[in-house]
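**Q** Take a look at this one; I'll ask things after.
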Amino acid sequence: MPPFATIPATERNSAAQHQDPSPMSQPFDLPALASSLADKSPQDILKAAFEHFGDELWISFSGAEDVVLVDMAWKLNRNVKVFSLDTGRLHPETYRFIDQVREHYGIAIDVLSPDPRLLEPLVKEKGLFSFYRDGHGECCGIRKIEPLKRKLAGVRAWATGQRRDQSPGTRSQVAVLEIDGAFSTPEKPLYKFNPLSSMTSEEVWGYIRMLELPYNSLHERGYISIGCEPCTRPVLPNQHEREGRWWWEEATHKECGLHAGNLISKA
């Protein structure tokens, strides 16, 4: 049995609650900690994240396979902080799934929304589907990046469900721990944990099925990588999962900007 699948589903409600330690008062050696975590299980990586940042660690949940990240974090800390982006263009199935996860774990999910002062002029000037003509950058910038930037401005550390196998072009070098190259500032470094980075899609789904976790029903219809409804479609059996996102654009540009550090580090 792999190290990331050690907690039976029957123990979900009986596991002892984790008490958050206080965040570290002194900076840690980032390269040393990253190196020590490189071969650890996702649970060990999350445990280290909670040990160093306590209640200042936030979990990012996209309404897709990263329910695995939420499950692992919740089992370590029943008061885990989770946020999710509502772009206003998600599938109905994704909205229902976010509520299902909220109810399943009994947690609050901080749902982030676009700033209407930015969104309304875009829609008024260019309509609802300008991304098919102009590319997805402008729309994602308003619907995703700005709300996330606003959220992360008050956060010291966050954890994402990024995996290396999700995109050979932009995520193959995702580290388990890094300084976020997209949202850090010289005055305020933002620490980013990627506990699932070494897991494969098969391992993620093995975890979901073994523990009978809730999942987005779109997965049953051929959707693997799930984003906004107009920009996501099912993939064929031999296609990579990212081919279902922004299919009208060049393959190497298929990042919305939430993890722009992946592109910055490759520049």
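Numbering starts at 1 and runs along the chain as it is shown here.
From the backbone N, Cα and C atoms, a Cβ is placed for every residue, glycine too.
Given the structure is predicted, the values throughout are model-derived calculations rather than measurements.
The region 'Disordered' feature in Swiss-Prot is assigned to 1-29. Summarising the annotation, Swiss-Prot assigns compositional bias 'Polar residues' to 11-25. Look at Swiss-Prot and you will find CYS139, CYS140, CYS228, CYS231 tagged as [4Fe-4S] cluster binding site. Taken from Swiss-Prot, the feature active site, nucleophile covers CYS256.
Help me picture where these features are in the structure shown.
**A** Neighbours of CYS231 ([4Fe-4S] cluster binding site), defined as other CB atoms within 10 A of its CB across all chains, total 21.
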**Q** Around CYS228 ([4Fe-4S] cluster binding site), how many other C-beta atoms are within 10 angstroms of its C-beta?
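**A** Cβ-Cβ neighbours of CYS228 ([4Fe-4S] cluster binding site) within 10 Å number 22.
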**Q** Which of the three DSSP states, helix, strand or coil, fits CYS228 ([4Fe-4S] cluster binding site)?
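**A** DSSP call for CYS228 ([4Fe-4S] cluster binding site): strand.
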**Q** For CYS139 ([4Fe-4S] cluster binding site), just count the other CB atoms lying within 10 A of its CB, please.
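**A** Neighbour count, Cβ to Cβ under the 10 Å cut-off: 26.
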